[in-house]
Amino acid sequence: MSKLRVAIIFGGKSTEHQVSLQSAKNIINELDRTKFDLCLIGINEQGQWHEYAEDNYLINSDNPSTISLSQPLRPVAIIPGSTRQQFISLTDGQPLAQIDVVFPIVHGAYGEDGTLQGLLHMIDMPYVGPNIMSSAACMDKDITKRLLDDAGLAVAPFITLMAHQLNDISYNEVVEQLGLPLFIKPANLGSSVGISKVNNEAEFNAALSMAFEYDLKVIIESAIVGREIECAVLGNEEPEVSPCGEIVLNDAFYAYNTKYIDDDGAKVVVPADLDNAISLHIRQTALKAYQVLNCLGMSRVDVFLTEDNQVIINEINTLPGFTNISMYPKLWQSTGLDYQSLITKLIELALEHHKKTAVLKTKCEL
């Protein structure tokens, strides 16, 4: 049986560029080479696409704060069509070797928001993870919250503010509605980039200014006091949910540095120390959220568990990290599903979903 050729797309013009490089490194290292050949497509911080050699694609690969792309082989682009040869070398105009499936691990803007998924959909390419709509809906915290709330799932009380509305709302009005402390977040970023905890008016104004440097839409939400619990979900029509894991913080909140730089900022506990009934309730909530947002392939569902055992959904991450400290693979490893088998399963799910969509009609038969 011939091997499938997998393109790993990583990097990106995003605040999460370095996180993507860390995730890609682990996926590349763990890919089952008895089943898959490999093509590496890196996107630099200017948004340019290049093919990279496996033995020379990263610089400072073991340092999360300085990891970067190395010297590429050649620039590449995608052209319309559906022949599996849509990745073209811009050096000589020739197609790269046939690619059968893509594993996009571009975190954040342009990779997790439906943009890259739309491009791959246009060339009829199977890809790991959710479709365009699910990606976009889960990336936008405002839309995510509205859809979950409509489905009867609890979310933190929040206000959405657009950049042009900055002068239409006051600190006192927000505090009257949401209380203190608050969190202010760019609506369309991940990895806790641009997020601030607010306890007073000066912090409120500074937090809004910073958040609007990253996005034209901002979420202001009540701070929820509770344990931070995460579940991994895997599958298409019949998804499975992992045991619960817990983030135990030493810092004020789970910020970017806490996640990826500071080894002492937080501790990951798998499985979380929870009563069986509470654990089941959290897992059922994660599954419902996954299905409400029509997710495919994988997602990590993050919730707060309050003192009185309320489960409040924080966010749904459709392309969770695969870094050394990432919760998603750790949760599945706790069930006996090792890293390599998880990656293989995700690729199989991508091919399975594409096979079902490929037979759908694309023209009207009168």
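Cβ atoms here come from the backbone N, Cα and C positions, even for glycine.
Feature annotation from Swiss-Prot assigns domain 'ATP-grasp' to 145-348. Summarising the annotation, Swiss-Prot assigns ATP binding site to 175-230 and lists sequence analysis as the type of evidence. Under the heading Mg(2+) 1 binding site, Swiss-Prot lists Asp302, Glu315. According to Swiss-Prot, the feature Mg(2+) 2 binding site maps to Glu315, Asn317, an assignment based on sequence analysis.
Feature map: annotations from Swiss-Prot on the structure.
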residue: Val175; record: ATP binding site; DSSP (3 states): helix
residue: Leu182; record: ATP binding site; DSSP (3 states): strand
residue: Leu189; record: ATP binding site; DSSP (3 states): coil
residue: Ser196; record: ATP binding site; DSSP (3 states): strand
residue: Glu203; record: ATP binding site; DSSP (3 states): helix
residue: Met210; record: ATP binding site; DSSP (3 states): helix
residue: Lys217; record: ATP binding site; DSSP (3 states): strand
residue: Ile224; record: ATP binding site; DSSP (3 states): coil
residue: Asp302; record: Mg(2+) 1 binding site; DSSP (3 states): strand
residue: Glu315; record: Mg(2+) 1 binding site; DSSP (3 states): strand
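The shortest Cα-Cα distance between Glu203 (ATP binding site) and any of the binding-site residues Asp302, Glu315, Asn317 is the one to Glu315. Ranked by Cβ neighbours within 10 A across all protein chains shown, the binding-site residues Ser196, Asn317 are led by Asn317.
The Cβ of Asp302 (Mg(2+) 1 binding site) lies under 8 Å from the Cβ of Glu228, Ile229, Glu230, Ile313, Asn314, Glu315, Ile316, Asn317, each of these being in the same chain and 6 or more residues away along the sequence.
If you draw a 10 Å sphere around the CB of Leu189 (ATP binding site), it holds 24 other CB atoms from the protein chains shown. Mean pLDDT across the domain 'ATP-grasp' (145-348) comes to 93 in this model. Most buried of the binding-site residues Leu182, Ile224, Glu315, judged by other Cβ atoms within 10 Å, is Leu182.
If you draw a 10 Å sphere around the CB of Val175 (ATP binding site), it holds 16 other CB atoms from the protein chains shown.
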